[in-house]
């Protein structure tokens with residue numbers, strides 16, 4: 001069996017004799033030559049990814065002013081940085097919004113970071129509390145990346161091994177970290193580099209760990225050299241993540257890009273590339289993983305819960321084709337829909353990361369490192385936060401009516417049951433509209449005769465497993481005082497009103 005060492009591979013790199021290929025190129029080599037010959041021939045496989053990595057940020061040491069200040073509240077271009085460290089140390093997070101509500105997420109922490117990498121001036125404003133050794137109360141200066149002592153990028157969670165795709169079952173579009181999701185499953189968004197993904201290429205499914213990547217692994221980070229410093233937050237193979245660090249002063253704005261997800265927040269697109277030493281045949285075989293080999297779950301992001309419904313399972317080859325067929329339920333009907341797919345990450349840039357890293361190694365500018373420890377194994381635990389669901393406050397049994405009744409008959413139902421909302425259903429109990437006591441009053445004033453003339457047909461609804469908080473937001477957004485609760489087949493199972501929610505929150509107080 002072929003066995004190499006990183007030391008031997010580094011010697012070949014220094015001599016200009018190493019064979020280095022990208023993960024894309026490795027697929028063809030293994031297909032044509034087999035894993036054994038590929039392991040003998042290839043020394044290093046380069047990988048790459050380029051996507052939105054919200055859990056990113058930079059530690060900055062500004063140097064001491066004269067007289068010195070102990071910074072308490074720190075702002076960079078009006079974006080707050082965390083200052084609970086030493087006197088002039090701070091951490092600026094990529095997802096931090098702007099303090100100006102008119103700017104908000106359009107210019108956040110990610111934009112500050114990109115501006116620094118681009119060499120632009122950034123306004124630093126800091127407030128402090130005075131001490132004998134730090135007498136200054138505030139400072140307001142303009143700085144560039146060259147002016148600060150250190151700017152160390154430390155990203156708690158980057159480089160997802162597997163990223164779920166997203167779709168939306170709701171009747172309105174929603175705004176998420178996966179971009180804008182259209183109503184009624186009308187698009188699917190995905191993220192990730194697939195066959196170029198670093199952790200996919202290094203994963204060992206038998207041990208549920210990684211073959212070569214670990215603490216101390218040298219990497220390509222944002223156009224400079226960085227290191228893996230541990231497993232990332234929420235690391236849980238086969239959903240692995242990495243915590244990485246690198247010198248911001250070495251980085252290239254081509255591979256560090258700020259972005260804003262509409263109505264969600266600012267984020268930082270980061271280019272990460274990791275070299276995988278081909279130490280044996282098994283590693284060579286894994287480095288030939290293809291898009292069609294990587295399973296991607298598609299979840300319904302229209303369901304406002306931590307555990308979202310699984311809609312389908314697919315792979316990156318299908319997702320990259322630009323369309324996908326889903327079997328879904330809409331208004332109680334099982335339908336087959338072919339919809340567009342879209343990526344919120346860049347495969348083109350991921351390829352460029354892998355190609356750039358490959359050239360660095362071929363030029364002898366980048367040597368591999370031995371990991372000093374493997375990545376930890378962790379079990380993700382949910383937050384222990386209480387939640388009240390719609391079914392917990394649901395008014396049952398539902399009082400409903402059919403659309404063929406008169407205005408007077410509807411008014412009698414409202415008075416008899418002391419209610420203000422009356423869902424209108426068809427012969428199968430499926431929701432077709434709703435009327436309120438206000439609708440009745442208007443109908444009488446306008447001499448309307450039938451329910452069909454006055455009912456609202458485009459009805460905002462809720463589900464039993466929906467959080468009450470979310471329903472309250474929905475009612476406020478659409479300026480309504482009640483929502484029918486329906487099942488998966490749009491049959492009415494109850495109703496939630498503003499009075500129900502007021503009683504709930506009043507009881508909490």
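Cβ atoms are placed via backbone N, Cα and C, with glycine included.
The S-adenosyl-L-methionine site recorded in Swiss-Prot includes 456, 460, 479, 480, 481, 482, and the single candidate from 426, 439, 469 that the record places there is 439. The predicted model assigns the domain 'CBS 2' (455-509) a mean pLDDT of 86. Measuring Cα to Cα from residue 482 (S-adenosyl-L-methionine binding site), the recorded positions that fall within 10 Å are 497, 499, 500, out of 133, 497, 499, 500. In the three-state DSSP reading, residue 480 (S-adenosyl-L-methionine binding site) counts as coil. Cα-Cα distance from residue 498 (S-methyl-5'-thioadenosine binding site) to residue 456 (S-adenosyl-L-methionine binding site): 18 Å (rounded to the nearest whole number). For the S-adenosyl-L-methionine site, the Cβ centre of 439, 456, 460, 479, 480, 481, 482 serves as reference, and the other residues of the chain with Cβ at most 8 Å from it are 421, 434, 436, 475, 478, 483. Same-chain residues at least 6 positions away in sequence with a Cβ under 8 Å from that of residue 456 (S-adenosyl-L-methionine binding site) are, in sequence order, 433, 434, 435, 439.
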